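What TrEMBL annotates here:
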- 59-413: domain 'Ionotropic glutamate receptor C-terminal' (DOMAIN)
- Pro134, Thr136, Arg141, Ser301, Thr302, Glu350: L-glutamate binding site (BINDING)
- Ile280: site 'Crucial to convey clamshell closure to channel opening' (SITE)
- Lys307: site 'Interaction with the cone snail toxin Con-ikot-ikot' (SITE)
- Cys362-Cys415: disulfide bond (DISULFID)
- Lys396: site 'Interaction with the cone snail toxin Con-ikot-ikot' (SITE)
Amino acid sequence: RKFPLFLVSAAMDKGLRFMFCAVTAVLLLRESSQTGAMRNDDAVIKASDLRGPEENLPALTVTTILEDPYVMVRSAELEGYCIDLLKALASMLHFSYRVKVVGDGKYGAISSNGNWTGMIGEILRKEADIAVAPLTVTSAREEVVSFTTPFLQTGIGILLRKDTISQEMSFFHFLAPFSKETWTGLLFAYVLTCVCLFLVARLSPCEWNEPKNEENHFTFLNSLWFGAGALTLQGVTPRPKALSVRVIAAIWWLFTIALLAAYIANFTALLSSGSEQLPIQTFEDLVKQRKLEFGTLDGSSTFYFFKNSKNPIHQMIYEYMDKRRDHVLVKTYQEAVQRVMESNYAFIGESISQDLAAARHCNLIRAPEVIGARGFGIATAQGSPWTKKLSVAVLKLRESGDLDYLRNKWWESSCLHKSRERWSPLQPQALGGLFLTLAVGLALGVIAAVVELSNKSRHAAGHVKVGDLIIPWFPPDPFRSVWALELHCTVLAFLPWQSCLPKKSCCSIFTEEMCTRLRIKENTRQTQETSGRANA
């Protein structure tokens, strides 16, 4: 069993205080082997579970600080991460302990008179043997006390309230679902597909019956319009007739459907996550803005980190906090969290504690940047034999996974899962397979067009060309008109046989056909209509 927590005010009259002491003495005599906790002015003292005087366990006085979730007073007893850690260390090293909360409520810094305050000061004044708390290991503190191996790793982050940093959506917010690289790749794929459509439609014989006399509907502008229509899932003309053009069109349709699905899904996630409303990503962003005030714990290691840093951004942060010391610096971590929630204030502090605050209060968020990697250690007096023992014990707890268990136990929250759902623009790597499929489809379409044109050239290689007249070899068409037959015989009679009827190669015909198709102008129909009206 454990004693309830008694609160004793300095203003109580002597009679009540005497009665209180008498009742407490009776309880202590009856329950000498039980644990107790007492608050005397600003100090809370808690005795550890004693196994009996016969064991002759060494007793340690432990100083700590009230900070959620490290040390908390709940149900008339102390609990938290540091209390569980202290119990594990006491069980491993076989010592008893009593816990007291630091009198001035500070971690430890050098005052104006040269003395140390907080838990560091209590160790130097021998008011406590060790300090088990979220106490950051720094060089200044290491000069006066000794630290064990850190039991928690942390850094310096920025704690913000979500609605105080929200901003209006940008004018081009609809471009946010994809990264700049993805949009660039999409534009390149669109232009390349339209160019392939234009060229393949020119090369394929199925898109026109006679390249010299018929206009090809797949002009370059029409190809661009065809590709743009597919991006909006709208069918547009011209309609492809050749197999090669249809292959490219089908692959482009598949590409656009998958792309639109990815865009809609990512845009929906963007609007629901609110990740776009985080303009303060780094400490530089914090310095440049003018909407939020920012500060840290007065006399904390974070404050002196910015004071001693040579980084220009860090120096600007320190100068800002030093000039407004009375207004932006806070006394406790709880005060800092409360101020962030109730005003336009950004708190600079330990990132691990900020993660907990963001997990407990879902309207808070920590900025992504973390600087000044550091750790929390147990402070002891210099030369104390407990330093090495505690360090080895902490390492054993880390190797056994007990420290991870304590971290998961005290940092558990319903908001943790939500905080992990970070949205980010879709990168080209995520669509790599889609772009590869499009490239393969374009290549297949071009190859099919070349095969179609080659097949026609191979069939035309058995004809003889005289000027613009193609004369078959043998036999002549029996249904040919009389004048055509006479012209056929005349040509055969007056021209040498070898020069009159040369059998042209497939490659030469293929080259001529390709050049003819690529030289076709888009205004062929207009030229034909003009010629027809002139002849009329």
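Just so it is clear, glycine is given a Cβ too, placed from its N, Cα and C backbone atoms.
Note that this is a predicted model, so its numbers are computed, not measured.
For Ile280 (site 'Crucial to convey clamshell closure to channel opening'), the Cβ neighbour count at a 10 Å cut-off comes to 24, with all displayed protein chains included. A gap of 16 Å separates the Cα atoms of Glu350 (L-glutamate binding site) and Lys307 (site 'Interaction with the cone snail toxin Con-ikot-ikot').
When other Cβ atoms within 10 Å of the Cβ of Cys362 (disulfide bond) are tallied across all protein chains shown, the result is 14. For the binding site of L-glutamate, formed by Pro134, Thr136, Arg141, Ser301, Thr302, Glu350 according to the record, the largest Cα to Cα distance is 17 Å, rounded to a whole number. It is 15 Å from the Cα atom of Arg141 (L-glutamate binding site) to that of Lys307 (site 'Interaction with the cone snail toxin Con-ikot-ikot'). Secondary structure at Glu350 (L-glutamate binding site), as computed by DSSP, is strand.
For the domain 'Ionotropic glutamate receptor C-terminal' (59-413), the model's pLDDT averages out at 86.
Counting in whole angstrom, Lys307 (site 'Interaction with the cone snail toxin Con-ikot-ikot') lies 32 from Cys362 (disulfide bond) by their C-alpha atoms.
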